[in-house]
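Enquirer: One structure, as structure tokens, below. Some questions next.
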């Protein structure tokens, strides 16, 4: 509604309820346009004066989506929907965009003390999930390195906890694993796993590892099982599975094909078998039945194909799927001249994973080029290299319609790209991304300032593949000022690009300027000391097409529950404040714990459990509330508490039903290097009445202490004892315990009951004399005393005979 108030005054009022009359001039100057100040906005005419005048107005400035050439960059926060072109170095134009010109957001997708870097050109989308592989270590190199990834199932808004894909190399710390090339072909993840030395990061071996990705299939028919057979045949087109891979079945309608199973044999690319626990008398076929099958990445083994030390290779980079059977990986050689850049083509990775073809880009582009990024679209292979020096051009773009046998090539003008240029094809455009290692490094001739605190820039560019001309390519600065927690960033690592729905994702690594390779607070290079190495992975998400969904954005309002709170102690070591409760299995490595209480209910007799890699300890320090008499510690060399899994020692607590008992359980008990002795002299027995040894094997006679200083009541043997002994006869017999073991040995000895009866006949108590024992309802004898008494009795009789000869009582 407009009202004429005079010849020069115009007022208006909005139709919105409650609105008032306003001066039209006031309304028009709320947001000013650069065009109001004479700017051309054609990207060629210098609009610096118009920009200065607009900024002097103090108003917010709308660029109306145009590009304005300037001789110095203005305050970008004052502008909306504006792009500037500025030549910081003459002849090297760069473009800078304000809010509203590009719809993009930056996310930090890892946050831990490891040196998280190298996501180069190996990110991918599988089953609507974005996978961002990278490597996490404790420094630049392979020290404590794990090949890892994070995943996002919500379009990059939240990311998973990092998952390790490799353990330490068996020969660590001499060598360790490393990976710069990874991707999915059909339904398997393929990765070039390099082995490198810790000392020099030198490549010593290459191996192609592959493993099925996790997925869920809803199928109809295709399972058969013949009568009187345990094997069932599964038909799944292009299953991509190998022997030993994990599969899970439900609702199969075929006996035995259910739950977790493993691939038994592979018939062809569409059929495999599983071994069921049973067989039936008739043929089975689930034709027409709906059923489900799942595969698992983590539960399946790696298939590892050793490729040895590939000659003329510094690193293998990037990955591009060619078809359902093969893929390519890029590589470069920069250790010795001449430099080499190219690809490895694996035409049949499923059946012949060790077979590959090596191809190079044109030789004139190889000097000072490195780390190729590779993609394959519609029968065309694209490859982009990065430059390695600031004084010479190195970045180049190549395409091939015959997988690297012939090439069409372009050189990027002006700019030197010290990081890789990952890309994706959207429509007819290649959309490329790259980040500086240090602020103002993008242009040719820039110094190497990686180890200074700065604000490295991130750029993107479009190149139309139909025009195939890089002379007028526009590098657009989309974000900078990356931070690593509390420290300004310096270096930015190599990246990956993927497209999902209406968005393109640039995933790249940042780096703390206190680079652990050289200097800084953390000279020990320990990721768990101080703040570790705040080197993390970022994702820049940019909209590239209209999205027909109502909204795919949300605010993450949940309380984070996947991380343990830590605090920096006064000693520079991160601390977890006690108490801390764990409700599931705990796996630790190089852990120092002052006091640890574990509570678990693994069985009725076990209060607490501690599980270590390859060894087990079950702890019952405190009295178990559910069963106090079960207090004990079990140490088992096997994989459980049962002695059948390995040798075992059980230590009973004072409240145990077998208080303070130690039980040893094993096939052998061997002692090495020292004598076996009791802690206290002459206090304890070896064995007991109900815990007897079958026999003892000795190398010599045992020694029994017979020192007179250790005896009392010394006298000659009573003649009544000798007379009683004369009543004891020697016997031969078999042993019941041996008969139970099907042994039939004849033994010689005395019977304890005969000794007791003989002594009683002379009015003596055999138990008192110690030659006979009676404990726990069982008689025993001391054969050393039996022999002594027999010898004494024999001597006694001989003495009597000699006396009779001497007195002529016998002759």
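Using N, Cα and C of the backbone, Cβ positions are placed for all residues, glycine too.
Feature table excerpt (Swiss-Prot):
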type	residues	note
REPEAT	150-161	repeat 'BNR 1'
REPEAT	286-293	repeat 'BNR 2'
SITE	332	site 'Binding to sialic acid'
SITE	335	site 'Binding to sialic acid'
SITE	339	site 'Binding to sialic acid'
SITE	368	site 'Binding to sialic acid'
ACT_SITE	371	active site
ACT_SITE	386	active site
SITE	388	site 'Binding to sialic acid'
SITE	389	site 'Binding to sialic acid'
REPEAT	398-409	repeat 'BNR 3'
ACT_SITE	437	active site
DOMAIN	706-808	domain 'Peptidase S74'
Enquirer: In the repeat 'BNR 3' (398-409), how many residues does DSSP put in helix, strand and coil?
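Expert: Here the numbers are 0 helix, 5 strand, 7 coil.
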Enquirer: Tell me the residue counts in helix, strand and coil for the domain 'Peptidase S74' (706-808), as DSSP assigns them.
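Expert: Counting residues per DSSP class in the domain 'Peptidase S74' (706-808), I get 52 helix, 14 strand, 37 coil.
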Enquirer: Cβ neighbours within 10 Å, counted over all protein chains: which one of the recorded positions 332, 339, 386, 389, 437 has the most?
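Expert: Result for the most crowded candidate: 386.
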Enquirer: By DSSP assignment, list the helix, strand and coil residue numbers for the repeat 'BNR 2' (286-293), in that order.
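Expert: Counting residues per DSSP class in the repeat 'BNR 2' (286-293), I get 0 helix, 4 strand, 4 coil.
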Enquirer: For residue 332 (site 'Binding to sialic acid'), identify the closest of the active-site residues 371, 386, 437, judging by Cα separation.
Expert: 371
Enquirer: Please report the Cα separation of residue 339 (site 'Binding to sialic acid') and residue 371 (active site) in Å, rounded to an integer.
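Expert: On Cα coordinates alone, these residues lie 11 Å apart.
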Enquirer: Go through 335, 368, 371, our recorded positions, and report the one whose Cβ sees the most other Cβ atoms within 10 Å.
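Expert: That would be 371, with the most Cβ atoms nearby.
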Enquirer: When the repeat 'BNR 1' (150-161) is classified with DSSP, how many of its residues are helical, how many are strand and how many are coil?
Expert: 0 helix, 3 strand, 9 coil
Enquirer: CA-CA, which of the recorded positions 335, 386, 388, 389, 437 lies nearest residue 371 (active site)?
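Expert: With Cα distances computed to residue 371 (active site), the winner among 335, 386, 388, 389, 437 is 386.
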Enquirer: I'd like the number of other C-beta atoms within 10 A of the C-beta of residue 388 (site 'Binding to sialic acid'), please.
Expert: 19
